[in-house]
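Please read the structure below before turning to the comments.
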Amino acid sequence: MASSMLSATTVPLQQGGGLSEFSGLRSSASLPMRRNATSDDFMSAVSFRTHAVGTSGGPRRAPTEAKLKVAINGFGRIGRNFLRCWHGRGDASPLDVIAINDTGGVKQASHLLKYDSTLGIFDADVKPVGDNAISVDGKVIKVVSDRNPSNLPWGELGIDLVIEGTGVFVDREGAGKHIQAGAKKVLITAPGKGDIPTYVVGVNADQYNPDEPIISNASCTTNCLAPFVKVLDQKFGIIKGTMTTTHSYTGDQRLLDASHRDLRRARAAALNIVPTSTGAAKAVSLVLPNLKGKLNGIALRVPTPNVSVVDLVVQVSKKTLAEEVNQAFRDAAANELTGILEVCDVPLVSVDFRCSDVSSTIDASLTMVMGDDMVKVISWYDNEWGYSQRVVDLADICANQWK
């Protein structure tokens, strides 16, 4: 049985350069909406971060030496981002990543972890160890390769939690194969299908039920949308609305025109704006049930590799002004949504939000109110890095309330 370990630090989640330095990029402390962190702040901030999500982190326990044994299934964009984010938390993390399932093998896993076209070169010593492991700053992580989760050696390795990052095993039957293989719990890094409980850190993760063996971290877009929608609904009352996410292309699209079940995603991703579906708006009701049936939306996939932006338009029941809407966001960002929500007052563009640790950054200058009851909000998010930080946070919550 694994126990949890929490840091007593009081530094908010996203303050200054922080974890972007672990990604191989220059520090994002230069972004004007963030203060410059001291080195002490930085080490505190990366040591452990779920303390900064209001009540979502659950009760704290004293630090112990035992850690949750974690395996990553699928070492693609989210799997590798997750490992970098976890590595950035340092020794204070209650997680211990001990295994990766990747069909590409050891050489490919180590190379793609070290060298990343979006994140840059990983500031860690990464190398293969024989034919079945990689080393990250001396930490040896076993690499296995099997497309069928039922065959994975999770029982033999004593795996407590599987980070399911393939995007394939998202229902109880599929994710349950990890439990059949000996793992105790599964965290899906995608919207779950069926009745799988969905949690968004900062929104409803305080309701986490440790008796559930399979949970979902929702989608990157839901993680961006839900925090500020929660603020809007609490302060002004949402009647109905629509959302458009202008979303960077993903691995589910085609580099050149080729077959795909979605005829639009079949078209060349780097050459087109690709309208497609998203369940993010409807999925908000999974974490904010009072909004069921009130939101819907679409996605526009665009030729950028990372960072996306949500455009939400809602009708509200309480008359308001743009300044009041932004102030509500500022208040939440300074309190219960510290480290989850930020407000930016500078005219930035998508690349400026690369490796942003938060789930959602409101572009304050673009907030509009038409009449007195139609509100338009624009919010940026790093759909890979920011989302992966929340996966680590939710895994930390699992560790904190392990049973």
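For all residues, glycine too, the Cβ spot is worked out from N, Cα and C.
Annotated features in Swiss-Prot:
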- CYS220: active site, nucleophile (ACT_SITE)
- ARG77, ILE78, ASP102, ARG147, ASN383: NADP(+) binding site (BINDING)
- SER219, CYS220, THR221, THR250, ARG265, THR278, GLY279, ARG301: D-glyceraldehyde 3-phosphate binding site (BINDING)
- HIS247: site 'Activates thiol group during catalysis' (SITE)
- 1-66: transit peptide (TRANSIT)
Cβ-Cβ distance under 8 Å to ARG265 (D-glyceraldehyde 3-phosphate binding site), same chain, at least six residues away: ASP252, GLN253, ARG254, VAL274, THR276, ARG301
Neighbour-count leader, CB within 10 A, binding-site residues: THR250, ASN383: ASN383
Residue, out of the binding-site residues SER219, THR221, THR278, whose Cβ gathers the largest set of other Cβ atoms within 10 Å: THR221
Most distant Cα pair in Å, residues SER219, CYS220, THR221, THR250, ARG265, THR278, GLY279, ARG301 binding D-glyceraldehyde 3-phosphate: 19
Max CA-CA distance, Å, over listed NADP(+)-binding residues ARG77, ILE78, ASP102, ARG147, ASN383: 25
Per DSSP, three-state class assigned to the residue listed as 'active site, nucleophile': helix
Closest of SER219, HIS247, THR250 to ASP102 (NADP(+) binding site), Cα positions, recorded positions only: THR250
The one of ARG77, ARG147, HIS247, ARG301 whose CB sees the fewest other CB atoms within 10 Å, among these recorded positions: ARG147
Local backbone state of ARG77 (NADP(+) binding site), from DSSP in three classes: helix
CB within-chain contacts under 8 A for ILE78 (NADP(+) binding site), separation at least 6: GLY165, THR189, GLU384, TYR387, SER388, VAL391
Neighbour tally for GLY279 (D-glyceraldehyde 3-phosphate binding site), based on other Cβ positions within 10 Å of its Cβ: 16
Euclidean distance between Cα atoms of THR278 (D-glyceraldehyde 3-phosphate binding site) and the residue listed as 'active site, nucleophile', Å: 11
Alpha-carbon distance [THR221 (D-glyceraldehyde 3-phosphate binding site); ASN383 (NADP(+) binding site)] in Å: 7
Nearest of the recorded positions (ARG77, ARG147, HIS247) to GLY279 (D-glyceraldehyde 3-phosphate binding site) - Cα to Cα: HIS247
Spatial neighbours of ARG77 (NADP(+) binding site), counting only the recorded positions THR221, HIS247, THR250, THR278 and Cα distances within 10 Å: THR250
